[in-house]
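What TrEMBL annotates here:
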type	residues	note
SIGNAL	1-18	signal peptide
REGION	84-124	region 'Disordered'
COMPBIAS	90-102	compositional bias 'Basic and acidic residues'
COMPBIAS	112-122	compositional bias 'Basic residues'
DOMAIN	357-493	domain 'Peptidase S54 rhomboid'
TRANSMEM	359-387	transmembrane segment
TRANSMEM	399-421	transmembrane segment
TRANSMEM	427-447	transmembrane segment
TRANSMEM	454-473	transmembrane segment
TRANSMEM	479-496	transmembrane segment
TRANSMEM	508-531	transmembrane segment
TRANSMEM	574-593	transmembrane segment
Amino acid sequence: ASIHLSLHCLCHSLSSVCLPPSAPSRPAQQTPAARSTDFIYDPTDAWNYYLKFVKAERNLRQRRHHQGAFEFFGSVNAAAESNANPTVDEVGRRGSIRRDRLGSSSEPVELRRHKKRKKNTKLQRQSTLVQHKVESLPSFTPWFIIVMSCLQIVALIVLISINGGVAPIRGTPIRHSEFFPSLRSNSTNATERVTYFEAVNLWIGLPPKELIRIGAKFTPCMRRDFEIRDRNTEFYGDNEDTIGCCKNQDNVGDTIRTQDCSCFSGTVNCTVNEGNLSDIAYNTGPCPAGSATFHPCCVSITGRCLVTSKEECDARGGEFHLNFGSCLEVNCMEEVCGFNGASVGADSGTPYLPNANQFWRFFLSIFIHLGVIHIVLIMPVQLYIGFKIERTIGWLRTGIIYLIAGVGGNIVSGIFVPYGVNAGASGAVFGLIGVLFVELFQFWQIVDRAPLELVKLLGFVVFLLALGTLPFIDNMAHIGGLLFGVVAAIIFVPYITFGKLDAIRKRILLAICAPLLFLLFLSGLTTFYLIPNPSFCPECGYINCFPYGPTFAQRSTETPGPRSIPFSLSSPTILSLYNMILRVLCVVTRLHIMSV
(Lines of atoms letter the chains of each structure in order from A and count residues from 1; the text may use other names and numbers.)
(Lines give C-alpha, C1' and ligand atoms only; values in the text may rest on other atoms or scores of the structure.)
Protein backbone atom coordinates (compact mmCIF):
# COMPACT_ATOMS: atom_id res chain seq x y z
CA ALA A 1 0.00 0.00 0.00
CA SER A 2 2.87 2.37 0.77
CA ILE A 3 4.52 1.72 -2.57
CA HIS A 4 1.17 2.15 -4.32
CA LEU A 5 0.64 5.51 -2.59
CA SER A 6 4.13 6.75 -3.51
CA LEU A 7 3.69 5.84 -7.14
CA HIS A 8 0.31 7.58 -7.19
CA CYS A 9 1.79 10.81 -5.80
CA LEU A 10 4.56 10.75 -8.36
CA CYS A 11 2.15 10.16 -11.20
CA HIS A 12 -0.17 12.88 -9.90
CA SER A 13 2.65 15.43 -10.03
CA LEU A 14 3.61 14.33 -13.54
CA SER A 15 0.15 13.68 -14.91
CA SER A 16 1.14 14.55 -18.42
CA VAL A 17 3.64 11.70 -18.41
CA CYS A 18 1.79 9.12 -16.41
CA LEU A 19 -1.70 9.61 -17.81
CA PRO A 20 -2.91 9.47 -21.41
CA PRO A 21 -3.37 12.92 -23.02
CA SER A 22 -7.04 12.38 -23.56
CA ALA A 23 -7.71 11.51 -19.90
CA PRO A 24 -8.55 14.39 -17.60
CA SER A 25 -6.80 14.68 -14.22
CA ARG A 26 -10.05 14.09 -12.34
CA PRO A 27 -13.62 13.75 -13.53
CA ALA A 28 -16.00 16.45 -12.38
CA GLN A 29 -18.75 14.14 -11.27
CA GLN A 30 -18.31 10.49 -10.30
CA THR A 31 -20.71 7.87 -9.15
CA PRO A 32 -19.94 5.83 -6.04
CA ALA A 33 -19.19 2.84 -8.24
CA ALA A 34 -16.79 4.81 -10.37
CA ARG A 35 -15.26 6.41 -7.29
CA SER A 36 -14.37 2.98 -5.85
CA THR A 37 -12.39 2.10 -8.96
CA ASP A 38 -10.46 5.25 -9.69
CA PHE A 39 -9.99 6.66 -6.13
CA ILE A 40 -6.25 6.44 -6.64
CA TYR A 41 -6.28 9.76 -8.44
CA ASP A 42 -6.99 11.49 -5.12
CA PRO A 43 -4.07 11.41 -2.59
CA THR A 44 -6.42 12.11 0.33
CA ASP A 45 -8.71 9.21 -0.51
CA ALA A 46 -5.72 6.95 -1.07
CA TRP A 47 -4.26 7.89 2.33
CA ASN A 48 -7.57 7.31 4.13
CA TYR A 49 -7.98 3.97 2.40
CA TYR A 50 -4.47 3.02 3.47
CA LEU A 51 -5.20 3.89 7.12
CA LYS A 52 -8.44 1.90 7.05
CA PHE A 53 -6.64 -1.04 5.48
CA VAL A 54 -3.89 -1.04 8.13
CA LYS A 55 -6.46 -0.73 10.94
CA ALA A 56 -8.54 -3.56 9.50
CA GLU A 57 -5.48 -5.79 9.24
CA ARG A 58 -4.49 -4.98 12.84
CA ASN A 59 -7.99 -5.71 14.13
CA LEU A 60 -8.08 -8.97 12.24
CA ARG A 61 -4.77 -10.07 13.71
CA GLN A 62 -5.88 -9.12 17.23
CA ARG A 63 -9.15 -10.96 16.79
CA ARG A 64 -7.40 -14.09 15.60
CA HIS A 65 -4.83 -13.83 18.39
CA HIS A 66 -7.48 -13.47 21.11
CA GLN A 67 -9.56 -16.29 19.70
CA GLY A 68 -6.52 -18.58 19.56
CA ALA A 69 -5.49 -17.55 23.06
CA PHE A 70 -8.92 -18.38 24.48
CA GLU A 71 -8.85 -21.71 22.73
CA PHE A 72 -5.33 -22.35 24.01
CA PHE A 73 -5.55 -20.91 27.51
CA GLY A 74 -9.31 -20.77 28.10
CA SER A 75 -9.71 -22.48 31.48
CA VAL A 76 -7.41 -24.71 33.50
CA ASN A 77 -10.11 -27.02 34.86
CA ALA A 78 -13.48 -26.94 36.56
CA ALA A 79 -11.88 -26.28 39.91
CA ALA A 80 -10.03 -23.25 38.60
CA GLU A 81 -13.29 -21.75 37.28
CA SER A 82 -14.91 -21.86 40.71
CA ASN A 83 -11.96 -20.93 42.90
CA ALA A 84 -9.58 -18.07 43.27
CA ASN A 85 -6.30 -17.56 41.52
CA PRO A 86 -3.93 -20.53 41.68
CA THR A 87 -0.95 -20.23 43.94
CA VAL A 88 2.30 -21.85 43.00
CA ASP A 89 4.35 -23.12 45.93
CA GLU A 90 6.92 -24.95 43.85
CA VAL A 91 6.77 -26.65 40.56
CA GLY A 92 7.19 -30.26 39.41
CA ARG A 93 5.57 -32.44 36.82
CA ARG A 94 5.58 -35.87 35.23
CA GLY A 95 4.40 -36.99 31.79
CA SER A 96 3.45 -34.95 28.75
CA ILE A 97 1.82 -31.59 29.43
CA ARG A 98 -1.51 -31.12 27.69
CA ARG A 99 -1.48 -27.61 26.31
CA ASP A 100 -5.09 -27.95 25.21
CA ARG A 101 -6.09 -28.92 28.75
CA LEU A 102 -4.71 -25.58 29.93
CA GLY A 103 -7.37 -23.95 27.74
CA SER A 104 -10.01 -26.46 26.82
CA SER A 105 -12.65 -24.07 25.50
CA SER A 106 -13.12 -24.06 21.75
CA GLU A 107 -15.84 -21.37 21.60
CA PRO A 108 -15.08 -18.39 19.37
CA VAL A 109 -14.67 -15.01 20.95
CA GLU A 110 -17.97 -13.72 19.54
CA LEU A 111 -19.95 -16.39 21.42
CA ARG A 112 -18.15 -15.65 24.69
CA ARG A 113 -18.65 -11.89 24.80
CA HIS A 114 -21.90 -12.22 26.70
CA LYS A 115 -20.04 -13.72 29.65
CA LYS A 116 -18.68 -11.61 32.39
CA ARG A 117 -15.49 -9.85 31.47
CA LYS A 118 -14.24 -10.23 35.04
CA LYS A 119 -14.51 -14.00 34.91
CA ASN A 120 -12.74 -14.16 31.56
CA THR A 121 -9.94 -12.00 32.90
CA LYS A 122 -9.56 -14.24 35.95
CA LEU A 123 -9.43 -17.45 33.92
CA GLN A 124 -6.94 -15.95 31.52
CA ARG A 125 -4.79 -14.86 34.45
CA GLN A 126 -4.98 -18.36 35.98
CA SER A 127 -4.09 -20.06 32.72
CA THR A 128 -1.22 -17.70 32.01
CA LEU A 129 0.21 -18.22 35.49
CA VAL A 130 0.06 -22.03 35.29
CA GLN A 131 1.45 -22.01 31.75
CA HIS A 132 4.29 -19.74 32.79
CA LYS A 133 5.21 -21.95 35.74
CA VAL A 134 5.07 -25.13 33.69
CA GLU A 135 7.30 -23.68 30.97
CA SER A 136 9.75 -22.23 33.50
CA LEU A 137 10.42 -25.56 35.22
CA PRO A 138 14.16 -26.03 35.85
CA SER A 139 16.01 -28.94 34.30
CA PHE A 140 18.68 -30.80 36.29
CA THR A 141 21.43 -33.19 35.27
CA PRO A 142 20.74 -36.64 36.81
CA TRP A 143 24.08 -36.95 38.60
CA PHE A 144 22.74 -39.01 41.51
CA ILE A 145 21.30 -41.78 39.33
CA ILE A 146 24.41 -41.83 37.15
CA VAL A 147 26.80 -42.13 40.11
CA MET A 148 24.63 -44.67 41.95
CA SER A 149 24.27 -46.88 38.87
CA CYS A 150 28.01 -46.81 38.17
CA LEU A 151 28.80 -47.75 41.78
CA GLN A 152 26.39 -50.70 41.67
CA ILE A 153 27.77 -52.04 38.38
CA VAL A 154 31.40 -51.68 39.50
CA ALA A 155 30.60 -53.32 42.86
CA LEU A 156 29.10 -56.39 41.17
CA ILE A 157 32.07 -56.83 38.82
CA VAL A 158 34.65 -56.40 41.60
CA LEU A 159 32.90 -58.73 44.04
CA ILE A 160 32.50 -61.53 41.49
CA SER A 161 36.17 -61.15 40.52
CA ILE A 162 37.39 -61.23 44.12
CA ASN A 163 35.33 -64.30 45.03
CA GLY A 164 36.55 -66.19 41.97
CA GLY A 165 33.33 -66.90 40.10
CA VAL A 166 29.63 -67.46 40.53
CA ALA A 167 27.43 -70.11 42.11
CA PRO A 168 25.68 -72.83 40.09
CA ILE A 169 22.86 -71.31 38.03
CA ARG A 170 19.73 -73.12 39.17
CA GLY A 171 16.45 -72.42 40.94
CA THR A 172 16.74 -75.18 43.57
CA PRO A 173 19.65 -76.33 45.77
CA ILE A 174 21.75 -79.16 44.34
CA ARG A 175 21.47 -82.36 46.36
CA HIS A 176 24.66 -84.37 47.00
CA SER A 177 25.12 -87.75 48.69
CA GLU A 178 28.68 -88.95 49.41
CA PHE A 179 30.65 -91.09 51.87
CA PHE A 180 32.79 -89.31 54.45
CA PRO A 181 34.66 -90.37 57.60
CA SER A 182 32.34 -90.30 60.59
CA LEU A 183 32.36 -90.74 64.33
CA ARG A 184 28.87 -92.17 64.17
CA SER A 185 29.85 -95.11 61.97
CA ASN A 186 30.80 -98.50 63.40
CA SER A 187 31.77 -99.95 60.03
CA THR A 188 35.22 -101.24 59.24
CA ASN A 189 36.38 -98.15 57.38
CA ALA A 190 34.41 -95.80 59.71
CA THR A 191 32.63 -93.97 56.88
CA GLU A 192 29.06 -92.80 56.53
CA ARG A 193 26.86 -91.62 53.66
CA VAL A 194 26.14 -87.92 54.11
CA THR A 195 23.47 -85.97 52.22
CA TYR A 196 23.90 -82.22 51.89
CA PHE A 197 22.79 -79.39 49.60
CA GLU A 198 24.88 -77.03 47.53
CA ALA A 199 23.78 -73.40 47.37
CA VAL A 200 22.80 -71.97 43.97
CA ASN A 201 22.03 -68.60 42.44
CA LEU A 202 19.55 -68.25 39.60
CA TRP A 203 20.83 -64.78 38.61
CA ILE A 204 24.49 -65.59 37.75
CA GLY A 205 25.94 -64.29 40.97
CA LEU A 206 27.68 -65.21 44.19
CA PRO A 207 26.39 -67.98 46.47
CA PRO A 208 24.18 -66.84 49.36
CA LYS A 209 26.92 -67.25 51.97
CA GLU A 210 29.25 -64.92 50.08
CA LEU A 211 26.46 -62.40 49.54
CA ILE A 212 25.89 -62.30 53.30
CA ARG A 213 29.58 -61.74 53.97
CA ILE A 214 29.76 -58.71 51.70
CA GLY A 215 26.67 -57.00 53.15
CA ALA A 216 23.44 -58.48 51.79
CA LYS A 217 20.33 -58.20 53.93
CA PHE A 218 20.10 -61.21 56.26
CA THR A 219 18.07 -60.85 59.42
CA PRO A 220 20.11 -63.18 61.75
CA CYS A 221 23.09 -60.84 61.20
CA MET A 222 21.02 -57.77 62.09
CA ARG A 223 19.23 -58.75 65.31
CA ARG A 224 19.04 -61.41 67.99
CA ASP A 225 17.44 -64.36 66.26
CA PHE A 226 15.48 -66.43 68.77
CA GLU A 227 14.78 -69.34 66.47
CA ILE A 228 18.49 -69.95 65.89
CA ARG A 229 19.17 -69.50 69.58
CA ASP A 230 16.41 -71.97 70.54
CA ARG A 231 17.70 -74.51 68.04
CA ASN A 232 21.26 -74.21 69.32
CA THR A 233 20.13 -74.36 72.93
CA GLU A 234 18.20 -77.55 72.27
CA PHE A 235 21.09 -79.05 70.33
CA TYR A 236 23.98 -77.96 72.54
CA GLY A 237 22.79 -76.44 75.79
CA ASP A 238 21.04 -79.50 77.22
CA ASN A 239 24.22 -81.53 76.75
CA GLU A 240 26.72 -78.90 77.78
CA ASP A 241 28.00 -80.97 80.70
CA THR A 242 28.13 -84.27 78.81
CA ILE A 243 30.80 -83.43 76.28
CA GLY A 244 33.04 -86.37 75.58
CA CYS A 245 35.78 -87.67 73.33
CA CYS A 246 34.68 -90.31 70.86
CA LYS A 247 36.99 -92.72 69.05
CA ASN A 248 36.32 -95.45 66.54
CA GLN A 249 38.68 -97.36 64.24
CA ASP A 250 40.12 -94.30 62.47
CA ASN A 251 38.64 -91.07 63.86
CA VAL A 252 38.83 -89.12 67.10
CA GLY A 253 36.79 -86.07 68.06
CA ASP A 254 34.79 -84.34 70.75
CA THR A 255 31.05 -84.92 70.61
CA ILE A 256 28.47 -82.88 72.45
CA ARG A 257 25.80 -85.54 72.44
CA THR A 258 26.40 -89.19 73.08
CA GLN A 259 24.21 -90.05 70.09
CA ASP A 260 26.92 -88.66 67.79
CA CYS A 261 29.39 -91.34 68.84
CA SER A 262 29.42 -94.87 67.40
CA CYS A 263 29.84 -96.27 70.89
CA PHE A 264 26.18 -95.55 71.57
CA SER A 265 24.77 -96.94 68.34
CA GLY A 266 23.63 -100.10 70.12
CA THR A 267 25.78 -102.49 68.11
CA VAL A 268 29.25 -101.78 69.49
CA ASN A 269 30.58 -102.37 72.97
CA CYS A 270 32.38 -99.26 74.12
CA THR A 271 34.88 -98.61 76.83
CA VAL A 272 33.98 -95.53 78.85
CA ASN A 273 36.99 -94.49 80.81
CA GLU A 274 39.06 -91.56 81.92
CA GLY A 275 42.36 -91.06 80.16
CA ASN A 276 43.54 -93.49 77.50
CA LEU A 277 41.20 -94.35 74.65
CA SER A 278 40.90 -97.83 73.27
CA ASP A 279 40.05 -98.57 69.63
CA ILE A 280 36.33 -98.03 70.28
CA ALA A 281 35.79 -95.82 73.31
CA TYR A 282 34.04 -92.80 74.72
CA ASN A 283 35.73 -90.55 77.24
CA THR A 284 33.57 -88.33 79.39
CA GLY A 285 36.10 -85.53 79.13
CA PRO A 286 37.53 -83.65 76.15
CA CYS A 287 39.97 -85.37 73.86
CA PRO A 288 43.65 -85.12 74.76
CA ALA A 289 45.42 -82.23 73.11
CA GLY A 290 46.50 -83.03 69.56
CA SER A 291 44.67 -86.35 69.39
CA ALA A 292 41.44 -85.19 67.71
CA THR A 293 41.04 -85.53 63.95
CA PHE A 294 37.48 -84.14 63.90
CA HIS A 295 36.84 -80.48 64.66
CA PRO A 296 33.89 -78.04 64.55
CA CYS A 297 32.65 -77.01 61.11
CA CYS A 298 30.11 -74.23 60.41
CA VAL A 299 28.09 -75.60 57.52
CA SER A 300 25.11 -73.27 56.98
CA ILE A 301 24.16 -69.60 56.81
CA THR A 302 22.17 -69.97 60.05
CA GLY A 303 25.14 -70.97 62.22
CA ARG A 304 24.74 -74.75 62.25
CA CYS A 305 27.84 -76.49 63.59
CA LEU A 306 29.01 -80.09 63.14
CA VAL A 307 32.03 -81.92 64.51
CA THR A 308 33.29 -83.57 61.36
CA SER A 309 36.27 -84.22 59.14
CA LYS A 310 37.95 -81.59 57.02
CA GLU A 311 36.94 -83.46 53.85
CA GLU A 312 33.25 -83.25 54.68
CA CYS A 313 33.54 -79.63 55.83
CA ASP A 314 35.18 -78.57 52.55
CA ALA A 315 32.59 -80.44 50.50
CA ARG A 316 29.79 -78.66 52.34
CA GLY A 317 31.52 -75.31 51.82
CA GLY A 318 31.88 -74.74 55.55
CA GLU A 319 34.52 -73.25 57.82
CA PHE A 320 36.75 -75.81 59.58
CA HIS A 321 37.98 -74.74 63.06
CA LEU A 322 41.16 -76.66 63.64
CA ASN A 323 41.91 -74.87 66.92
CA PHE A 324 38.65 -75.85 68.64
CA GLY A 325 37.39 -79.19 69.83
CA SER A 326 33.61 -78.81 70.18
CA CYS A 327 30.85 -76.63 68.81
CA LEU A 328 30.33 -75.09 72.23
CA GLU A 329 33.47 -73.05 71.61
CA VAL A 330 32.49 -71.66 68.19
CA ASN A 331 30.21 -68.78 67.22
CA CYS A 332 29.43 -69.64 63.61
CA MET A 333 27.44 -66.44 63.03
CA GLU A 334 30.65 -64.40 63.28
CA GLU A 335 31.93 -66.08 60.13
CA VAL A 336 28.59 -66.10 58.34
CA CYS A 337 28.02 -62.38 58.87
CA GLY A 338 31.54 -61.40 57.86
CA PHE A 339 33.17 -58.01 58.54
CA ASN A 340 35.53 -59.87 60.93
CA GLY A 341 32.64 -60.58 63.27
CA ALA A 342 31.88 -56.88 63.85
CA SER A 343 28.72 -56.37 65.94
CA VAL A 344 28.23 -60.14 66.26
CA GLY A 345 28.53 -61.14 69.90
CA ALA A 346 27.26 -63.84 72.22
CA ASP A 347 25.31 -63.85 75.47
CA SER A 348 27.12 -64.54 78.74
CA GLY A 349 30.13 -66.14 77.12
CA THR A 350 28.10 -68.78 75.25
CA PRO A 351 29.28 -68.65 71.62
CA TYR A 352 26.42 -70.82 70.40
CA LEU A 353 23.93 -68.10 71.41
CA PRO A 354 24.71 -65.34 68.89
CA ASN A 355 23.54 -61.76 69.31
CA ALA A 356 24.17 -59.77 66.12
CA ASN A 357 23.40 -56.13 65.36
CA GLN A 358 24.75 -55.25 61.91
CA PHE A 359 22.12 -52.59 61.29
CA TRP A 360 24.10 -51.04 58.44
CA ARG A 361 22.91 -53.84 56.14
CA PHE A 362 19.67 -51.87 55.71
CA PHE A 363 21.72 -49.32 53.78
CA LEU A 364 24.65 -51.34 52.43
CA SER A 365 22.52 -53.96 50.67
CA ILE A 366 21.20 -51.27 48.29
CA PHE A 367 24.61 -51.17 46.56
CA ILE A 368 24.88 -54.97 46.12
CA HIS A 369 23.03 -57.00 43.50
CA LEU A 370 22.32 -60.72 43.41
CA GLY A 371 23.86 -61.30 40.01
CA VAL A 372 24.30 -60.27 36.41
CA ILE A 373 20.70 -60.98 35.35
CA HIS A 374 19.39 -59.13 38.40
CA ILE A 375 21.30 -55.94 37.62
CA VAL A 376 20.44 -56.22 33.90
CA LEU A 377 16.74 -56.24 34.81
CA ILE A 378 16.95 -53.48 37.40
CA MET A 379 19.38 -51.04 35.76
CA PRO A 380 17.28 -50.01 32.69
CA VAL A 381 14.29 -49.32 34.92
CA GLN A 382 16.41 -47.36 37.37
CA LEU A 383 18.03 -45.27 34.63
CA TYR A 384 14.82 -44.58 32.69
CA ILE A 385 12.66 -43.63 35.67
CA GLY A 386 15.48 -42.04 37.65
CA PHE A 387 16.50 -39.75 34.80
CA LYS A 388 12.95 -38.52 34.25
CA ILE A 389 12.46 -37.79 37.94
CA GLU A 390 15.84 -36.27 38.73
CA ARG A 391 15.68 -33.92 35.74
CA THR A 392 12.64 -32.23 37.28
CA ILE A 393 13.22 -32.43 41.07
CA GLY A 394 17.03 -32.42 41.33
CA TRP A 395 19.62 -34.80 42.76
CA LEU A 396 19.01 -34.02 46.45
CA ARG A 397 15.30 -34.83 46.48
CA THR A 398 15.89 -37.87 44.28
CA GLY A 399 18.63 -39.16 46.58
CA ILE A 400 16.53 -38.70 49.71
CA ILE A 401 13.53 -40.54 48.24
CA TYR A 402 15.78 -43.26 46.78
CA LEU A 403 17.46 -44.04 50.12
CA ILE A 404 14.24 -43.77 52.15
CA ALA A 405 12.51 -46.25 49.85
CA GLY A 406 15.50 -48.61 49.82
CA VAL A 407 15.90 -48.70 53.60
CA GLY A 408 12.15 -48.88 54.19
CA GLY A 409 11.80 -51.79 51.77
CA ASN A 410 14.58 -53.67 53.58
CA ILE A 411 12.85 -53.15 56.93
CA VAL A 412 9.59 -54.60 55.60
CA SER A 413 11.48 -57.50 54.04
CA GLY A 414 13.32 -58.22 57.28
CA ILE A 415 10.03 -58.47 59.16
CA PHE A 416 8.20 -60.79 56.75
CA VAL A 417 11.09 -62.75 55.19
CA PRO A 418 13.72 -63.03 57.95
CA TYR A 419 15.79 -65.83 56.43
CA GLY A 420 15.93 -64.57 52.87
CA VAL A 421 19.31 -63.50 51.51
CA ASN A 422 18.38 -60.42 49.53
CA ALA A 423 20.17 -57.45 48.07
CA GLY A 424 19.81 -54.88 45.33
CA ALA A 425 18.17 -51.56 44.60
CA SER A 426 14.76 -52.98 43.70
CA GLY A 427 13.10 -51.45 46.78
CA ALA A 428 14.59 -48.05 45.94
CA VAL A 429 13.48 -48.36 42.30
CA PHE A 430 9.94 -49.11 43.45
CA GLY A 431 10.19 -45.95 45.53
CA LEU A 432 10.89 -44.03 42.32
CA ILE A 433 7.85 -45.68 40.76
CA GLY A 434 5.90 -44.39 43.75
CA VAL A 435 7.07 -40.89 42.79
CA LEU A 436 5.49 -41.39 39.36
CA PHE A 437 2.16 -42.29 40.97
CA VAL A 438 2.26 -39.23 43.22
CA GLU A 439 3.14 -36.84 40.40
CA LEU A 440 0.45 -38.34 38.17
CA PHE A 441 -2.26 -37.67 40.74
CA GLN A 442 -0.85 -34.29 41.77
CA PHE A 443 -0.86 -33.03 38.15
CA TRP A 444 -3.78 -35.03 36.85
CA GLN A 445 -5.38 -31.95 35.24
CA ILE A 446 -2.48 -31.20 32.89
CA VAL A 447 -1.16 -34.70 32.10
CA ASP A 448 -1.88 -35.94 28.60
CA ARG A 449 -4.28 -38.92 28.73
CA ALA A 450 -3.90 -39.37 32.46
CA PRO A 451 -6.09 -42.54 32.74
CA LEU A 452 -3.95 -44.29 30.15
CA GLU A 453 -0.79 -43.26 32.00
CA LEU A 454 -2.27 -44.76 35.18
CA VAL A 455 -3.06 -48.05 33.42
CA LYS A 456 0.48 -48.21 32.05
CA LEU A 457 1.99 -47.63 35.49
CA LEU A 458 -0.21 -50.27 37.10
CA GLY A 459 0.65 -52.80 34.39
CA PHE A 460 4.36 -52.12 34.85
CA VAL A 461 4.10 -52.61 38.61
CA VAL A 462 2.18 -55.88 38.18
CA PHE A 463 4.87 -57.13 35.80
CA LEU A 464 7.66 -56.38 38.29
CA LEU A 465 5.74 -57.95 41.18
CA ALA A 466 5.18 -61.10 39.10
CA LEU A 467 8.90 -61.21 38.39
CA GLY A 468 9.52 -60.85 42.12
CA THR A 469 7.93 -64.23 42.85
CA LEU A 470 11.05 -65.92 41.45
CA PRO A 471 13.81 -67.05 43.86
CA PHE A 472 16.34 -64.56 45.20
CA ILE A 473 14.13 -61.55 44.39
CA ASP A 474 12.67 -59.76 47.38
CA ASN A 475 9.04 -58.94 46.63
CA MET A 476 8.48 -57.69 50.18
CA ALA A 477 11.19 -55.11 49.59
CA HIS A 478 9.31 -54.10 46.41
CA ILE A 479 6.08 -53.56 48.32
CA GLY A 480 7.79 -51.77 51.19
CA GLY A 481 9.81 -49.57 48.84
CA LEU A 482 6.65 -48.58 46.96
CA LEU A 483 4.89 -47.66 50.21
CA PHE A 484 7.77 -45.61 51.60
CA GLY A 485 8.40 -44.04 48.19
CA VAL A 486 4.81 -42.79 47.86
CA VAL A 487 4.85 -41.21 51.32
CA ALA A 488 8.30 -39.66 50.78
CA ALA A 489 7.28 -38.30 47.37
CA ILE A 490 4.28 -36.49 48.84
CA ILE A 491 6.66 -34.79 51.27
CA PHE A 492 9.66 -33.97 49.08
CA VAL A 493 8.38 -33.61 45.50
CA PRO A 494 7.31 -30.01 44.68
CA TYR A 495 3.87 -29.44 43.24
CA ILE A 496 1.50 -26.90 41.61
CA THR A 497 -1.84 -25.96 43.17
CA PHE A 498 -4.95 -25.24 41.11
CA GLY A 499 -7.09 -22.95 43.22
CA LYS A 500 -7.68 -22.62 46.95
CA LEU A 501 -9.38 -25.97 47.48
CA ASP A 502 -6.63 -27.83 45.67
CA ALA A 503 -3.99 -25.99 47.70
CA ILE A 504 -5.74 -26.86 50.97
CA ARG A 505 -6.07 -30.51 49.97
CA LYS A 506 -2.40 -30.87 49.07
CA ARG A 507 -1.18 -29.10 52.19
CA ILE A 508 -3.36 -31.28 54.41
CA LEU A 509 -1.94 -34.35 52.65
CA LEU A 510 1.59 -33.04 53.25
CA ALA A 511 0.84 -32.44 56.93
CA ILE A 512 -0.41 -36.04 57.27
CA CYS A 513 2.45 -37.72 55.41
CA ALA A 514 5.28 -35.97 57.28
CA PRO A 515 4.52 -37.67 60.64
CA LEU A 516 3.30 -40.78 58.81
CA LEU A 517 6.78 -41.38 57.38
CA PHE A 518 8.27 -41.12 60.87
CA LEU A 519 5.66 -43.54 62.23
CA LEU A 520 6.35 -46.03 59.44
CA PHE A 521 10.04 -46.12 60.32
CA LEU A 522 9.33 -46.25 64.05
CA SER A 523 6.80 -49.07 63.80
CA GLY A 524 8.97 -51.00 61.34
CA LEU A 525 12.12 -50.83 63.45
CA THR A 526 10.17 -51.60 66.63
CA THR A 527 8.64 -54.71 65.06
CA PHE A 528 11.98 -55.77 63.62
CA TYR A 529 14.04 -55.44 66.80
CA LEU A 530 11.64 -55.70 69.75
CA ILE A 531 9.05 -58.16 68.41
CA PRO A 532 11.18 -60.59 66.35
CA ASN A 533 8.90 -63.36 65.16
CA PRO A 534 10.16 -65.59 62.33
CA SER A 535 6.60 -66.84 61.78
CA PHE A 536 5.14 -63.34 61.56
CA CYS A 537 3.27 -64.18 58.36
CA PRO A 538 3.92 -67.70 57.01
CA GLU A 539 1.62 -67.19 54.02
CA CYS A 540 3.61 -64.14 52.97
CA GLY A 541 6.32 -66.49 51.73
CA TYR A 542 4.19 -67.16 48.65
CA ILE A 543 4.35 -63.46 47.76
CA ASN A 544 8.11 -63.43 48.01
CA CYS A 545 8.90 -66.80 46.38
CA PHE A 546 6.07 -68.70 44.73
CA PRO A 547 6.58 -72.45 44.09
CA TYR A 548 5.85 -72.94 40.40
CA GLY A 549 6.42 -76.68 40.73
CA PRO A 550 6.78 -79.47 43.31
CA THR A 551 10.49 -78.75 43.87
CA PHE A 552 10.79 -75.22 42.50
CA ALA A 553 12.41 -72.75 44.94
CA GLN A 554 12.75 -75.45 47.59
CA ARG A 555 14.41 -74.33 50.77
CA SER A 556 17.64 -75.83 51.94
CA THR A 557 17.45 -78.36 54.77
CA GLU A 558 19.87 -76.17 56.72
CA THR A 559 17.48 -73.21 56.82
CA PRO A 560 15.22 -72.68 59.86
CA GLY A 561 11.55 -73.21 59.29
CA PRO A 562 9.82 -75.64 56.95
CA ARG A 563 12.19 -77.43 54.57
CA SER A 564 9.93 -76.95 51.57
CA ILE A 565 6.74 -75.13 50.75
CA PRO A 566 3.97 -77.76 50.66
CA PHE A 567 2.38 -76.53 47.45
CA SER A 568 2.64 -77.32 43.77
CA LEU A 569 0.95 -76.25 40.57
CA SER A 570 -0.44 -78.58 37.95
CA SER A 571 2.26 -77.34 35.53
CA PRO A 572 5.70 -77.74 37.05
CA THR A 573 7.59 -75.95 34.29
CA ILE A 574 8.98 -72.48 34.74
CA LEU A 575 8.26 -71.64 31.10
CA SER A 576 4.66 -70.87 32.00
CA LEU A 577 5.88 -68.13 34.33
CA TYR A 578 8.04 -66.51 31.67
CA ASN A 579 5.17 -66.79 29.19
CA MET A 580 2.90 -64.90 31.58
CA ILE A 581 5.54 -62.24 32.15
CA LEU A 582 6.07 -61.75 28.42
CA ARG A 583 2.33 -61.39 27.87
CA VAL A 584 2.10 -58.67 30.51
CA LEU A 585 5.10 -56.92 28.98
CA CYS A 586 3.52 -57.04 25.51
CA VAL A 587 0.30 -55.48 26.82
CA VAL A 588 2.22 -52.66 28.50
CA THR A 589 4.24 -52.08 25.32
CA ARG A 590 1.10 -51.88 23.19
CA LEU A 591 -0.46 -49.36 25.56
CA HIS A 592 2.68 -47.27 25.36
CA ILE A 593 2.67 -47.36 21.54
CA MET A 594 -1.02 -46.38 21.50
CA SER A 595 -0.30 -43.42 23.78
CA VAL A 596 2.53 -42.26 21.54
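Even glycines carry a Cβ here, placed using N, Cα and C.
Counted over residue pairs 6 or more apart, the CB atoms of the transmembrane segment (427-447) and the transmembrane segment (508-531) come under 8 Å in fewer than three pairs, which marks the two as apart. Same-chain residues lying 6 or more positions outside the transmembrane segment (359-387) and placing a CB less than 8 Å from one of its CB atoms are 142, 144-145, 148-149, 151-153, 155-156, 159, 166, 201-206, 211, 214-218, 221-222, 343, 398, 402-403, 406-407, 410-411, 414, 422-429, 432-433, 436, 464, 467, 472-473. Long-range contacts of the transmembrane segment (479-496) within its own chain (CB-CB distance under 8 A, at least 6 residues past either end) are made by residues 86, 88-93, 130, 133-134, 393, 397, 400-401, 404-413, 426-435, 437-439, 442-443, 461, 465, 506, 509-510, 513-514, 516-517, 520, 543.
Taken together, the residues of the domain 'Peptidase S54 rhomboid' (357-493) have an average pLDDT of 91.
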